[in-house]
Every structure is written in structure tokens, then in C-alpha cells.
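Asks: Submitted below is the structure of interest, expressed as C-alpha cells.
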Amino acid sequence: MLDPKFLRTELEATAERLATRGFILDVDRLSKLEEKRKSLQVATEELQASRNAISKSIGQAKAKGEDVAPIMAKVGDLGAELSSKEAELKQLLEELNAIAMSVPNLPDESAPIGADENDNVEIRRWGEPKQFDFDVKDHVDLGEQHAGLDFKSAVKITGSRFIVMKGQIARMHRALTQFMLDLHTTEHGYTETYVPLLVNEDSLLGTGQLPKFGEDLFHTKPATEEGQGLSLIPTAEVPLTNLARDTIIDEDELPIKMTAHTACFRSEAGSYGRDTRGLIRQHQFDKVELVQLVKPEDSMAALESLTQHAETVLQRLGLPYRTVVLCTGDMGFGAAKTFDIEVWLPAQNTYREISSCSNMQDFQARRMQARYKAKSAKKPALLHTLNGSGLAVGRTLVAVLENYQNADGSITVPEALRPYMGGLTQIG
């Protein structure tokens with residue numbers, strides 16, 4: 001959520017910056033609503049002052065033995081008018097808040113301006129794609145060859161875009177998760193955190209999934225006892241970041257770095273027909289998430305380090321990748337700046353996204369009222385929040401299967417994973 005004061009005082013400048021990400025802010029409507037808000041605010045304050053002044057005169061009139069009925073009637077009339085104006089102002093503020101909640105974050109000035117993914121800027125590559133002297137198989141064929149990826153059973157049990165994993169493929173999936181968690185906790189300084197897979201509406205509002213992206217979520221039925229329904233998490237970013245909601249953190253505790261391995265659930269609304277084969281786009285998938293809570297002046301440096309932490313996973317696994325900075329038109333709703341890491345998939349002969357690392361600056365913190373207290377400051381200030389995949393486990397499995405395949409369809413186990421697979425060097 002943008003700073004409401006900034007939105008009011010810098011409306012034209014805000015609209016211009018939002019336009020670079022393809023969002024058209026209705027300046028005329030907001031201007032009219034703001035003028036109306038000011039008018040109602042003044043009227044409400046004047047009515048309150050008048051009522052208070054007249055109310056004080058009641059005691060004076062009583063002391064003089066005067067008839068106070070006319071004064072009390074006047075106070076009643078003012079009270080009724082005040083209630084009406086307050087109700088009108090409340091409704092208007094709710095309308096302004098609803099608009100503010102639908103406005104995306106302002107892109108950072110360092111983000112390249114562009115319309116879509118074609119305008120993203122590659123900033124580095126690591127590793128060279130392997131040249132195979134045989135026809136490569138994709139991960140679906142490899143997984144089925146080793147009886148490790150069972151899409152048919154998943155369709156029978158649940159439906160499309162789900163998977164049943166078995167045997168050494170399932171073991172490799174688990175090994176990847178353990179390897180990622182160990183790397184981030186022992187070398188990168190993150191605290192492993194276990195979080196709920198179901199979250200409430202306040203949490204989804206806090207991180208920006210609601211109100212705009214409700215259709216992308218899986219919702220439970222309304223809970224009678226709780227008074228509201230819960231939703232399955234689309235990413236561990238939601239529960240991890242919301243740990244800071246409605247809290248004031250001491251400056252000495254920052255930065256806070258958390259990691260969690262969870263299943264994630266997405267309806268993939270709007271993705272009909274895209275990546276229908278294999279593990280690339282699933283309704284349920286595992287991910288190791290990285291979240292950082294930092295002081296504002298540290299957030300851009302934190303974005304660089306968080307991105308490097310995700311890249312290190314691919315480097316240790318020996319998987320070629322490239323890193324791109326997203327242009328303004330391709331960034332997520334709450335992001336001020338984003339780096340995407342794309343891993344090389346031989347069967348597709350291209351790089352595919354495996355991690356998205358974003359600096360949300362104070363966008364989420366304002367929604368959540370997540371603050372910190374500096375020793376030199378009189379008042380708490382908003383935190384900056386960052387998140388990224390470290391990594392998406394299923395897509396990493398895809399990359400390992402395809403990049404480490406041999407001519408006979410066997411899979412060489414990357415050295416980094418062998419300690420997690422009982423020393424196994426090859427599948428098949």
C-alpha cells in the first residue's frame with residue numbers, strides 16, 4: 001500500500017510512475033474524492049467545535065436559572081448533523097482506502113522502464129549449457145522411465161496439474177529441499193521457520209494477495225467458529241512476512257532473515273493452456289522461501305544478497321542460469337524492484353524462471369503496520385520487506401533431471417545432493 005499522504009500530495013507524479021508499469025490511476029476521480037474528503041473533514045471538525053461550545057453553555061445557563069431546553073435541542077440537532085457527516089466521511093474514507101489497496105507499488109527508479117517480459121534486462125549468466133550428443137528427453141519422459149513421476153495417478157486422485165512422485169525421484173525431490181535449507185541456514189544466516197499452510201484474510205491483505213488476486217487462491221469454506229474462511233498459502237512469503245504484522249521490532253534485531261520449506265497452492269487462474277505438460281506449472285508445489293526484514297536504507301543491498309543466496313543453490317548444483325532485472329511492466333503487484341533467476345532447461349532449449357527475488361520496500365509493511373524502532377528516533381518507522389524463492393523445488397528437480405541425463409536415460413546425481421541421497425551417484 002502506498003503512503004496515503006504521498007498519494008494525495010503527489011498525485012500527478014504518482015500517476016506518471018504507475019503508468020510505467022501499465023497501471024492507469026484515475027487522477028480525476030481521486031482528486032474529486034480528496035476535495036470531498038477535505039470538505040467533510042472541515043465540516044465535521046466545525047460541527048464538533050460548535051457542539052462542544054454550546055454544550056458548555058448548558059451548565060452556565062443552569063447556574064443562572066435559565067431554560068436550557070432550547071440549548072439542549074440545539075445540541076441534539078448539531079449531534080444529528082455531526083453523526084450524518086461522520087458517517088459520510090467514514091464511507092468516503094473506506095472508498096479511498098479501497099482504491100489505495102488496489103494500487104500497485106511504485107517502481108524503484110533503478111528498475112528499467114518497459115511494457116512486458118520482452119523489456120527485461122539480462123544482467124549476468126553463470127555456467128554454459130551442456131552440449132548433448134544425443135536427443136535429450138524432457139523431465140516427463142525421464143521421470144516416467146524411472147517410474148518416478150506419475151501424472152496419471154495424480155489426475156485420478158485429484159485432477160490435472162498435480163503430481164505423484166515415487167522412488168529415487170521422490171528422494172531427490174526431498175534431497176533438494178534439505179540441501180537448500182541447510183545451505184541457507186548454515187551459510188547464509190537464515191532461521192528455519194515452520195509456518196501454517198492456511199492463513200486468514202488479514203495475512204493475505206498484508207502481503208498484497210488480497211483484495212486484487214483472490215481468484216489465484218484456494219479458499220476453504222467460511223469457518224463458523226473463526227468467523228471467516230482460510231486460504232491455502234500461494235507462497236511461504238505470506239506467513240513468514242506476516243510474523244512482523246502489528247509489531248515493533250527493535251533496531252538491534254534487524255536484519256531478520258527467515259526461510260521455510262512449504263507446499264504452495266495456486267489456482268493458476270489465467271494460465272489455461274500454458275505449460276500443461278510436466279511440473280513447470282502445478283496447483284501444488286514445494287518451495288523453499290527466503291524472507292528478509294530490514295531497515296529502509298539497507299533494502300537494496302539486501303535484495304542483491306538475497307538474489308545471490310538463491311543463485312548459490314544453482315551454482316552448487318552446477319546448473320546454468322541467467323539473472324534478469326524485471327522492467328516496470330513485468331513486476332509483481334507489490335514489488336519495487338525484482339530480479340528473476342532463470343535456469344537452463346535443455347528439453348525446452350531455453351531459460352525458465354526458477355526464482356523471483358523482490359524488494360517490496362514499505363509497501364507490505366504499511367499494510368501490516370510492521371515497524372521498527374531506531375535508538376535515535378522518537379517514533380517507530382516502517383520496515384522494508386524482501387522475499388524470494390530459494391528455490392522452487394519442483395522446477396529445480398526438472399532442471400537436474402534434464403541437465404544431468406545420460407544417453408541411456410539414467411540421471412547422474414549432482415555431487416551436492418549425494419550426501420542427502422545416501423551416497424547415490426546415479427538414478428537408473
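The backbone N, Cα and C atoms fix where each Cβ goes, glycine too.
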Asks: For the L-serine site that Swiss-Prot assigns to THR235, ALA236, GLU237, SER389, which of GLU187, GLU289, GLU297 is also named?
Replies: GLU289
Asks: CA-CA, which of the binding-site residues THR235, ALA236, GLU237, GLU289, SER389 lies nearest SER355 (ATP binding site)?
Replies: SER389
Asks: Look up SER356 (ATP binding site) in the DSSP assignment and reduce it to helix, strand or coil.
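Replies: In the DSSP reduction, SER356 (ATP binding site) maps to strand.
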Asks: Tell me the coarse DSSP state (helix, strand, coil) of GLU237 (L-serine binding site).
Replies: helix
Asks: Hey, of THR235, ALA236, GLU237, GLU289, SER389, which of those binding-site residues are within 10 Å of ILE354 (ATP binding site), Cα to Cα?
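Replies: Matched binding-site residues: SER389, sequence order.
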Asks: For SER267 (ATP binding site), write down the residues of its own chain that are at least 6 apart in sequence and whose Cβ falls under 8 Å from its Cβ; none is a fine answer.
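Replies: Residues satisfying the criterion: GLU215, ASP216, LEU217, PHE218, HIS283.
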Asks: Within 8 Å of the centroid of the Cβ atoms of THR235, ALA236, GLU237, GLU289, SER389, which other residues of that chain place their own Cβ, given that this set defines the recorded L-serine site?
Replies: VAL238, LEU240, ALA260, THR262, CYS264, LYS287, VAL288, LEU290, VAL291, ASN387, GLY388
